[in-house]
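Okay, so here's the structure we're looking at.
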Amino acid sequence: MDTIWWGFLGGCVAAMATTLGAVPALIGRTMSQRTSDTMLGFAAGVMLSASYFSLILPGIDAAEGLYGSLLAAALVAGLGIALGAGFVAWLNSALPHEHFTSGREGAEAAAMARIWLFVIAITIHNFPEGLSIGVSFGGGNLSNGLSVMTGISLQDMPEGLAVAVALVGRGYSRPRAFLVALLTGVVEPVGSLIGAAAVSVSGALLPWGLTFAAGAMLYIISHEILPETHRNGHQDRATAGLIFGLILMMILDVTLG
(Lines of atoms letter the chains of each structure in order from A; the text may use other names.)
(Lines give C-alpha, C1' and ligand atoms only; values in the text may rest on other atoms or scores of the structure.)
Protein backbone atom coordinates (compact mmCIF):
# COMPACT_ATOMS: atom_id res chain seq x y z
CA MET A 1 0.00 0.00 0.00
CA ASP A 2 1.19 3.54 -0.76
CA THR A 3 2.93 5.20 2.19
CA ILE A 4 0.60 8.20 1.97
CA TRP A 5 -2.41 5.97 2.52
CA TRP A 6 -0.68 4.18 5.37
CA GLY A 7 -0.11 7.58 6.95
CA PHE A 8 -3.72 8.57 6.46
CA LEU A 9 -4.97 5.29 7.93
CA GLY A 10 -2.63 5.77 10.90
CA GLY A 11 -4.20 9.17 11.54
CA CYS A 12 -7.65 7.60 11.31
CA VAL A 13 -6.70 5.01 13.93
CA ALA A 14 -5.57 7.77 16.29
CA ALA A 15 -8.83 9.64 15.70
CA MET A 16 -10.75 6.45 16.45
CA ALA A 17 -8.79 6.10 19.69
CA THR A 18 -10.01 9.54 20.75
CA THR A 19 -13.56 8.43 19.99
CA LEU A 20 -13.10 5.14 21.84
CA GLY A 21 -11.85 7.01 24.88
CA ALA A 22 -15.10 8.99 25.01
CA VAL A 23 -17.31 5.87 25.01
CA PRO A 24 -17.41 5.50 28.84
CA ALA A 25 -18.87 9.01 29.10
CA LEU A 26 -21.52 8.07 26.52
CA ILE A 27 -22.69 5.05 28.54
CA GLY A 28 -22.43 6.75 31.90
CA ARG A 29 -19.15 5.35 33.17
CA THR A 30 -15.86 7.10 33.83
CA MET A 31 -12.22 6.04 34.12
CA SER A 32 -10.69 6.54 37.57
CA GLN A 33 -8.09 9.29 37.83
CA ARG A 34 -5.49 6.76 38.95
CA THR A 35 -6.12 4.58 35.90
CA SER A 36 -6.07 7.61 33.61
CA ASP A 37 -2.74 8.84 35.01
CA THR A 38 -1.20 5.37 34.76
CA MET A 39 -2.38 5.03 31.18
CA LEU A 40 -1.04 8.47 30.27
CA GLY A 41 2.31 7.54 31.83
CA PHE A 42 2.39 4.36 29.75
CA ALA A 43 1.53 6.35 26.61
CA ALA A 44 4.32 8.83 27.40
CA GLY A 45 6.80 5.94 27.65
CA VAL A 46 5.65 4.51 24.33
CA MET A 47 5.90 7.95 22.71
CA LEU A 48 9.39 8.55 24.16
CA SER A 49 10.62 5.24 22.76
CA ALA A 50 8.95 5.87 19.41
CA SER A 51 10.46 9.37 19.25
CA TYR A 52 13.97 7.99 19.60
CA PHE A 53 13.89 4.63 17.82
CA SER A 54 11.27 5.38 15.15
CA LEU A 55 11.92 9.05 14.39
CA ILE A 56 15.25 10.45 15.61
CA LEU A 57 17.53 7.51 14.72
CA PRO A 58 15.97 6.98 11.26
CA GLY A 59 16.14 10.76 10.75
CA ILE A 60 19.87 10.78 11.52
CA ASP A 61 20.44 7.83 9.18
CA ALA A 62 18.52 9.56 6.39
CA ALA A 63 20.41 12.83 6.92
CA GLU A 64 23.77 11.05 6.88
CA GLY A 65 22.85 9.45 3.57
CA LEU A 66 21.94 12.85 2.13
CA TYR A 67 24.79 14.96 3.51
CA GLY A 68 27.55 12.34 3.85
CA SER A 69 28.57 13.44 7.33
CA LEU A 70 27.51 12.19 10.75
CA LEU A 71 28.11 15.65 12.24
CA ALA A 72 25.88 17.27 9.62
CA ALA A 73 23.26 14.60 10.25
CA ALA A 74 23.34 15.26 14.00
CA LEU A 75 23.03 19.01 13.43
CA VAL A 76 20.08 18.50 11.08
CA ALA A 77 18.43 16.24 13.66
CA GLY A 78 18.98 18.76 16.43
CA LEU A 79 17.56 21.60 14.37
CA GLY A 80 14.61 19.48 13.26
CA ILE A 81 13.78 18.56 16.86
CA ALA A 82 14.01 22.21 17.91
CA LEU A 83 11.75 23.29 15.04
CA GLY A 84 9.16 20.63 15.90
CA ALA A 85 9.10 21.58 19.57
CA GLY A 86 8.98 25.26 18.66
CA PHE A 87 6.05 24.67 16.33
CA VAL A 88 3.95 23.07 19.07
CA ALA A 89 5.01 25.79 21.52
CA TRP A 90 3.80 28.37 19.01
CA LEU A 91 0.47 26.55 18.67
CA ASN A 92 0.11 26.59 22.45
CA SER A 93 0.79 30.31 22.52
CA ALA A 94 -2.16 30.87 20.16
CA LEU A 95 -4.47 29.95 23.04
CA PRO A 96 -4.38 30.33 26.81
CA HIS A 97 -2.50 27.19 27.80
CA GLU A 98 -4.40 24.11 28.92
CA HIS A 99 -3.26 21.03 30.84
CA PHE A 100 -6.16 18.74 29.95
CA THR A 101 -8.75 19.60 32.64
CA SER A 102 -6.96 22.19 34.73
CA GLY A 103 -8.61 25.21 33.13
CA ARG A 104 -7.21 28.49 31.93
CA GLU A 105 -4.03 29.42 33.79
CA GLY A 106 -3.92 32.67 35.73
CA ALA A 107 -7.27 34.06 34.59
CA GLU A 108 -10.79 34.51 35.89
CA ALA A 109 -12.97 33.01 33.20
CA ALA A 110 -16.40 31.50 33.12
CA ALA A 111 -16.52 27.74 33.50
CA MET A 112 -18.08 27.19 30.11
CA ALA A 113 -15.48 29.38 28.41
CA ARG A 114 -12.74 27.34 30.09
CA ILE A 115 -14.29 24.11 28.87
CA TRP A 116 -14.43 25.29 25.27
CA LEU A 117 -10.90 26.67 25.41
CA PHE A 118 -9.89 23.22 26.60
CA VAL A 119 -11.71 21.54 23.70
CA ILE A 120 -10.11 23.91 21.16
CA ALA A 121 -6.66 23.39 22.68
CA ILE A 122 -7.02 19.60 22.46
CA THR A 123 -8.12 19.89 18.83
CA ILE A 124 -5.21 22.14 17.87
CA HIS A 125 -2.54 20.00 19.48
CA ASN A 126 -3.96 16.90 17.78
CA PHE A 127 -2.73 18.32 14.45
CA PRO A 128 1.03 17.93 15.10
CA GLU A 129 0.30 14.49 16.53
CA GLY A 130 -1.32 13.54 13.23
CA LEU A 131 1.63 15.11 11.42
CA SER A 132 4.01 12.88 13.41
CA ILE A 133 2.06 9.77 12.43
CA GLY A 134 2.05 10.72 8.76
CA VAL A 135 5.76 11.50 8.64
CA SER A 136 6.66 8.22 10.36
CA PHE A 137 4.68 6.21 7.81
CA GLY A 138 5.84 8.42 4.93
CA GLY A 139 9.44 7.39 5.63
CA GLY A 140 8.59 3.98 4.20
CA ASN A 141 9.19 1.93 7.36
CA LEU A 142 5.91 0.39 8.45
CA SER A 143 7.13 -0.62 11.91
CA ASN A 144 8.24 2.95 12.66
CA GLY A 145 4.82 4.22 11.66
CA LEU A 146 3.04 1.64 13.79
CA SER A 147 5.17 2.55 16.82
CA VAL A 148 4.37 6.24 16.59
CA MET A 149 0.70 5.56 15.86
CA THR A 150 0.44 3.25 18.89
CA GLY A 151 1.93 5.76 21.32
CA ILE A 152 -0.22 8.64 20.13
CA SER A 153 -3.38 6.52 20.04
CA LEU A 154 -2.86 5.41 23.64
CA GLN A 155 -2.48 9.03 24.68
CA ASP A 156 -5.56 10.09 22.73
CA MET A 157 -7.94 7.81 24.62
CA PRO A 158 -7.82 9.68 27.97
CA GLU A 159 -8.05 12.95 26.04
CA GLY A 160 -11.30 11.85 24.40
CA LEU A 161 -12.70 10.89 27.79
CA ALA A 162 -11.59 14.19 29.34
CA VAL A 163 -13.37 16.22 26.66
CA ALA A 164 -16.62 14.25 26.95
CA VAL A 165 -16.66 14.25 30.77
CA ALA A 166 -15.95 17.99 30.90
CA LEU A 167 -18.90 18.76 28.63
CA VAL A 168 -21.27 16.38 30.43
CA GLY A 169 -20.29 18.09 33.66
CA ARG A 170 -21.42 21.43 32.20
CA GLY A 171 -24.86 20.09 31.26
CA TYR A 172 -24.32 18.84 27.71
CA SER A 173 -26.15 15.65 26.76
CA ARG A 174 -23.98 12.53 26.63
CA PRO A 175 -24.45 12.01 22.86
CA ARG A 176 -23.55 15.62 22.12
CA ALA A 177 -20.48 15.48 24.38
CA PHE A 178 -19.43 12.25 22.67
CA LEU A 179 -19.80 13.91 19.24
CA VAL A 180 -17.63 16.86 20.27
CA ALA A 181 -14.95 14.47 21.57
CA LEU A 182 -15.08 12.63 18.26
CA LEU A 183 -14.64 15.88 16.33
CA THR A 184 -11.49 16.84 18.29
CA GLY A 185 -9.75 13.87 16.67
CA VAL A 186 -10.76 14.67 13.09
CA VAL A 187 -7.71 16.89 12.56
CA GLU A 188 -5.36 13.93 13.09
CA PRO A 189 -6.05 12.23 9.73
CA VAL A 190 -5.67 15.64 8.08
CA GLY A 191 -2.28 16.16 9.73
CA SER A 192 -1.17 12.61 8.98
CA LEU A 193 -2.08 12.96 5.30
CA ILE A 194 -0.10 16.20 5.01
CA GLY A 195 2.90 14.72 6.82
CA ALA A 196 2.99 11.53 4.77
CA ALA A 197 2.56 13.40 1.48
CA ALA A 198 5.31 15.91 2.29
CA VAL A 199 8.05 13.36 2.98
CA SER A 200 6.89 11.09 0.15
CA VAL A 201 7.21 13.87 -2.45
CA SER A 202 10.84 14.65 -1.64
CA GLY A 203 13.40 12.39 0.03
CA ALA A 204 15.31 15.52 1.07
CA LEU A 205 12.46 16.35 3.43
CA LEU A 206 12.57 12.96 5.17
CA PRO A 207 15.22 13.67 7.86
CA TRP A 208 13.65 17.04 8.56
CA GLY A 209 10.17 15.58 8.74
CA LEU A 210 11.17 12.71 11.04
CA THR A 211 13.08 14.88 13.51
CA PHE A 212 10.46 17.66 13.35
CA ALA A 213 7.84 15.07 14.31
CA ALA A 214 10.07 13.84 17.14
CA GLY A 215 10.44 17.36 18.49
CA ALA A 216 6.68 17.86 18.41
CA MET A 217 6.13 14.60 20.30
CA LEU A 218 8.81 15.37 22.89
CA TYR A 219 7.28 18.78 23.58
CA ILE A 220 3.83 17.26 24.06
CA ILE A 221 5.23 14.60 26.41
CA SER A 222 7.15 17.09 28.55
CA HIS A 223 4.74 20.01 28.49
CA GLU A 224 1.37 18.27 28.47
CA ILE A 225 1.40 14.61 29.47
CA LEU A 226 3.93 14.46 32.31
CA PRO A 227 2.58 17.48 34.24
CA GLU A 228 -0.91 16.00 34.02
CA THR A 229 0.16 12.60 35.35
CA HIS A 230 1.86 14.22 38.36
CA ARG A 231 -1.00 16.58 39.23
CA ASN A 232 -3.24 14.22 41.18
CA GLY A 233 -0.89 12.33 43.49
CA HIS A 234 -0.45 9.30 41.24
CA GLN A 235 3.06 10.12 40.05
CA ASP A 236 4.53 6.78 41.21
CA ARG A 237 2.07 4.76 39.14
CA ALA A 238 2.46 7.14 36.21
CA THR A 239 6.25 6.82 36.35
CA ALA A 240 6.01 3.03 36.51
CA GLY A 241 3.69 3.15 33.50
CA LEU A 242 6.16 5.36 31.63
CA ILE A 243 9.09 3.02 32.28
CA PHE A 244 7.06 -0.04 31.31
CA GLY A 245 5.78 1.63 28.13
CA LEU A 246 9.28 2.74 27.13
CA ILE A 247 10.79 -0.73 27.70
CA LEU A 248 7.97 -2.52 25.90
CA MET A 249 8.11 -0.27 22.84
CA MET A 250 11.93 -0.39 22.80
CA ILE A 251 11.82 -4.20 22.67
CA LEU A 252 9.21 -4.13 19.91
CA ASP A 253 11.14 -1.52 17.91
CA VAL A 254 14.44 -3.38 18.18
CA THR A 255 13.09 -6.86 17.48
CA LEU A 256 10.46 -6.02 14.85
CA GLY A 257 11.98 -2.91 13.26
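Cβ atoms here come from the backbone N, Cα and C positions, even for glycine.
What TrEMBL says about this protein:
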type: TRANSMEM; residues: 6-27; note: transmembrane segment
type: TRANSMEM; residues: 39-60; note: transmembrane segment
type: TRANSMEM; residues: 66-91; note: transmembrane segment
type: TRANSMEM; residues: 177-199; note: transmembrane segment
type: TRANSMEM; residues: 205-226; note: transmembrane segment
type: TRANSMEM; residues: 238-256; note: transmembrane segment
Does the transmembrane segment (177-199) reach the transmembrane segment (205-226), going by 3 or more CB pairs under 8 Å (6 or more apart in sequence)? yes
By Cβ distance under 8 Å, which residues at least 6 away from the ends of the transmembrane segment (6-27) in the same chain are close to it? 126, 129-130, 133-138, 142, 145-146, 148-149, 152-154, 156-161, 163-165, 168, 174-175, 177-178, 181-182, 184-186, 188-193, 195-197
Long-range Cβ contacts under 8 Å made by the transmembrane segment (205-226), restricted to residues 6 or more beyond its ends, are 40-41, 43-44, 47-48, 50-52, 55-56, 58-60, 62-63, 66, 73, 76-89, 92, 99-100, 125, 128-129, 131-132, 135-136, 138-139, 148, 151-152, 155, 195, 198-199, 238
